[in-house]
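Everything on this sheet refers to the single structure shown next.
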Amino acid sequence: MRRNPHFSLLKPQYLFSEISKKLAQFRKENPEISVIDLSIGDTTQPLCRSITQAIKEFCVSQEKQETYRGYGPETGLEKLRTKIASEVYENRISPEEIFISDGAKPDIFRLFSFFGSEKTLGLQDPVYPAYRDIAHITGIRDIIPLACRKETGFIPELPNQQSLDILCLCYPNNPTGTVLTFQQLQALVNYANQHGTVLIFDAAYSAFVSDPSLPKSIFEIPEAKYCAIEINSFSKSLGFTGMRLAWNVIPKELTYDNNEPMINDWKRLFATTFNGASLLMQEAGYYGLDLFPTPPAISLYLTNAQKLKKSLETAGFSVHGGDHAPYLWVELPEGISDEEAFDFFLHQYHIAVTPGHGFGSCGQGFVRFSALTQPQNIALACDRLCTASLKETMVLA
């Protein structure tokens with residue numbers, strides 16, 4: 001059998017796997033050094049008691065014949081979809097438009113497969129690498145990188161001459177940590193509606209938005225129901241990175257060019273390829289929604305980000321993001337190349353970060369810091385960053 005040619009388009013190693021490998025090698029060679037890993041955006045705070053209690057109760061219920069449950073509905077438990085519609089969307093979205101899934105990555109894969117390979121896809125640059133890799137794996141015909149530069153507030157530069165079938169956006173953004181205003185989001189929705197573009201909006205970090213003057217969901221823009229699909233997840237908001245529970249929204253008003261609703265085909269795809277998310281996790285998510293709009297861990301991570309940002313700026317770095325997201329997008333000091341970025345922070349500060357060029361060509365000249373760690377790690381990182389100014393560190397380097 002011939003190899004699927006799409007896999008030849010992928011880099012030999014996934015970005016974060018490569019970082020883990022380099023970090024493991026450094027620790028092996030330097031066992032006496034304590035490295036603070038601020039590279040990978042995994043959660044660290046334990047689950048809230050209300051969630052673990054719901055998990056325990058559901059597990060016990062499965063021991064009894066009268067309460068045992070087999071398959072659930074492919075689109076998710078009605079009570080969970082209803083609660084998401086109410087708590088997250090303030091009933092702007094109906095439960096029938098919400099589909100419970102096992103994660104944002106699988107949703108991206110399903111969506112790209114759903115639309116088919118003969119499409120033109122616009123991706124932010126820098127972008128979370130999974131988008132680009134999944135686009136390659138699913139055989140998307142044309143992938144157009146859309147530059148997101150600091151001069152434009154890390155908002156994508158949209159093409160005027162070339163039409164996009166699909167436009168993927170992530171806000172609060174990974175990796176830049178930036179957010180959109182209502183006016184900025186309205187302009188992107190207007191573009192999508194004017195050009196017949198389907199806008200896939202990744203709102204996985206929406207729980208980090210605490211300012212009511214900023215949008216959390218694309219559906220806070222009324223016209224978005226004609227052009228947008230939203231992805232969201234419990235991974236960062238409730239600490240479900242290892243438990244896997246997410247959802248996506250397909251509005252009834254979203255149609256093909258023949259005016260047929262897309263939601264009908266999406267239901268068919270879900271029923272064919274997915275038996276539904278774990279009932280155990282759905283029960284956990286249902287009770288976890290009681291912690292919204294700002295689950296306790298979110299406040300802790302945002303405090304981490306604020307402390308880290310202050311220390312980085314005090315040390316002399318230029319920092320973006322971190323106010324409504326767990327990520328800080330830090331400009332590399334002059335004289336440090338992209339190839340040296342990881343080693344610079346690892347050797348000078350004993351801090352592991354993610355090199356920006358791994359997110360795309362427009363990530364060159366930056367690194368990403370993650371605040372999704374324990375407060376004591378942030379305190380130690382801040383101490384190391386402030387021990388010497390950036391100018392002094394550059395002399396040492």
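Numbering starts at 1 and runs along the chain as it is shown here.
Glycine is treated like the rest: Cβ placed from N, Cα and C.
According to Swiss-Prot:
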- Y14, G41, K105, Y128, N174, N275, R368: substrate binding site (BINDING)
- Y71, A104, K105, Y128, N174, Y205, S233, F234, S235, R244, N275: pyridoxal 5'-phosphate binding site (BINDING)
- K236: N6-(pyridoxal phosphate)lysine (MOD_RES)
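If you measure from the Cα atom of G41 (substrate binding site) to that of K236 (N6-(pyridoxal phosphate)lysine), you get 9 Å.
N174 (substrate binding site) carries neither a helix nor a strand DSSP state and counts as coil. A gap of 14 Å separates the Cα atoms of S233 (pyridoxal 5'-phosphate binding site) and N174 (substrate binding site). Long-range Cβ proximity for Y71 (pyridoxal 5'-phosphate binding site), meaning a same-chain Cβ under 8 A and a gap of 6 or more residues, is found for N275, G276. R368 (substrate binding site) sits 19 Å from S235 (pyridoxal 5'-phosphate binding site), taking the Cα positions as reference. If you take the Cα of the residue listed as 'N6-(pyridoxal phosphate)lysine' and the Cα of K105 (substrate binding site), they are about 14 angstrom apart, rounded to a whole number.
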